[in-house]
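To start, the structure under review is shown below, and the notes come after it.
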């Protein structure tokens, strides 16, 4: 269970990117977060594992407050939070197996990491997961030899190797062709069910969001303005999420926001 | 209404830009002619040069191979100076590169320390370092090794540091997100990205050091240069010729090995 309350994020002294945001995600649910570029979707996900430091507010994962953790505690908590990225963020010159084992770096001693002497159960688990997503045959290939869809599977397995309690996916399909994109969405959908994980997906493709997830959250300029089932996301709601331009919003935040919602 | 020819007049530069360009050209021409006027060239010596070249050449031919064994040993010494110095410099330059790169340095003080080391190493020529270390350690191979090492530090540290600054930050972010410690993030996300540059730069520096260590002997810091200097001082031009041939062979061989290694590394 992930609970975000009164989350505010402000870069420097500017307008906040996240404005008093509240969100609750129970276990075993796949949630899509949609919204125009600049709505704060990436910032929201990165606040959860604190790749971005929240300005104020609270984020609780399974009862543990994340925003106040100190360095070592934060590192321990990050092990429980898997993240998948738009650009896959693999280490190109390492093999697929090494990339996958990166998910265990928080658990194993330094010398094992340096000498690539991974614990037998980690290797076993890696092969199990790689077989599950169909990349086991590439274990010894360099990550940059794989296609986009395959690379994203490596990214997914790396996140799963952490034994995560939640998965954060930041535009996981935005760099993929339509077929790979659907495969990755199906994979995330199945994993959420199998592993009983909450999965948060930032996504631009509203059609995919409607098809693969049962709950959609719409963000607009740092606020949640839609939260419901795919069937509730009608034209009006879409308009509210996507209409207008960021510059309108910045000039006259309140008015543009009201206009968008009441349209 | 169609625009007239006058409306559509177009020129690449505005008249202000044209004047600026003219002024810059004039300044460069003035600067070059002034610096030419300051150097004092004795023209008869310049016209005499072809004859002098012919004379020197006639004294060098045929090369004297009688002291070839000494020369070969000096070559091996030269090679060893270059290799040992490069090896030590590579090892020492890694921590310096790490603190001199903006994205890995622990804090501003270490950043400036790193940059200070790089700049001071690079701004002093190898021969001047050698003069300094000959004064400290006395003439010989040790002074040569340390001189080459000091000059290499700046070169290696700067280029490896720049490679660290140019890495793709996204894998770094991804590994931080897994809860890996900083040391492990360096090991898995930074080191693999820097390794190709690291090898290429090290081999290149070895190649440069090989050429630099041939002249170290001129200031008494060991290597083939000692023999060269001695032969020139005694006007033994036929031995000078042999030494020059030997240096050319060494440098060409070094360049070939360096090119081969670079291909292997990348």
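For all residues, glycine too, the Cβ spot is worked out from N, Cα and C.
Automatic prediction, not curation, is the source of TrEMBL annotations.
If you look at the transmembrane segment (B:21-46), the same-chain residues 6 or more away from its ends with a CB under 8 A from one of its CBs are 13. Look at TrEMBL and you will find B:21-46 (among others) tagged as transmembrane segment.
Long-range contacts of the transmembrane segment (B:71-101) within its own chain (CB-CB distance under 8 A, at least 6 residues past either end) are made by residues 110-111, 113-115, 117-118, 141, 144-149, 152-153, 156-158, 160-165, 202, 205-206, 209-210, 212-214, 216-217, 222-227, 242-243, 246, 250, 254. Residues annotated as transmembrane segment in TrEMBL: B:71-101 (among others).
Residues annotated as domain 'ABC transmembrane type-1' in TrEMBL: B:75-258.
Proximity of distant same-chain residues to the transmembrane segment (B:127-150), defined by a Cβ-Cβ separation under 8 Å and at least 6 residues beyond the stretch ends, is recorded for 77, 80-82, 84-86, 88-89, 92, 121, 209, 212-213, 215-223. Among the features that TrEMBL reports, transmembrane segment is placed at B:127-150 (among others).
What TrEMBL records for B:185-204 (among others) is transmembrane segment.
Listed as Cβ neighbours of the transmembrane segment (B:216-235) (distance under 8 Å, sequence separation of 6 or more from its ends, same chain) are residues 67, 70-71, 74-75, 77-78, 81, 126-127, 130-131, 133-134, 139-145, 147-148, 243-244, 246-247, 250. Summarising the annotation, TrEMBL assigns transmembrane segment to B:216-235 (among others).
Summarising the annotation, TrEMBL assigns transmembrane segment to B:241-261 (among others). Below 8 angstroms of C-beta separation, residues 60-61, 63-65, 67-68, 71-72, 75, 78-79, 82, 199, 203-204, 206-207, 210-211, 214, 224, 227-228, 231 of the same chain, each at least six residues beyond the ends of the transmembrane segment (B:241-261), sit close to that stretch.
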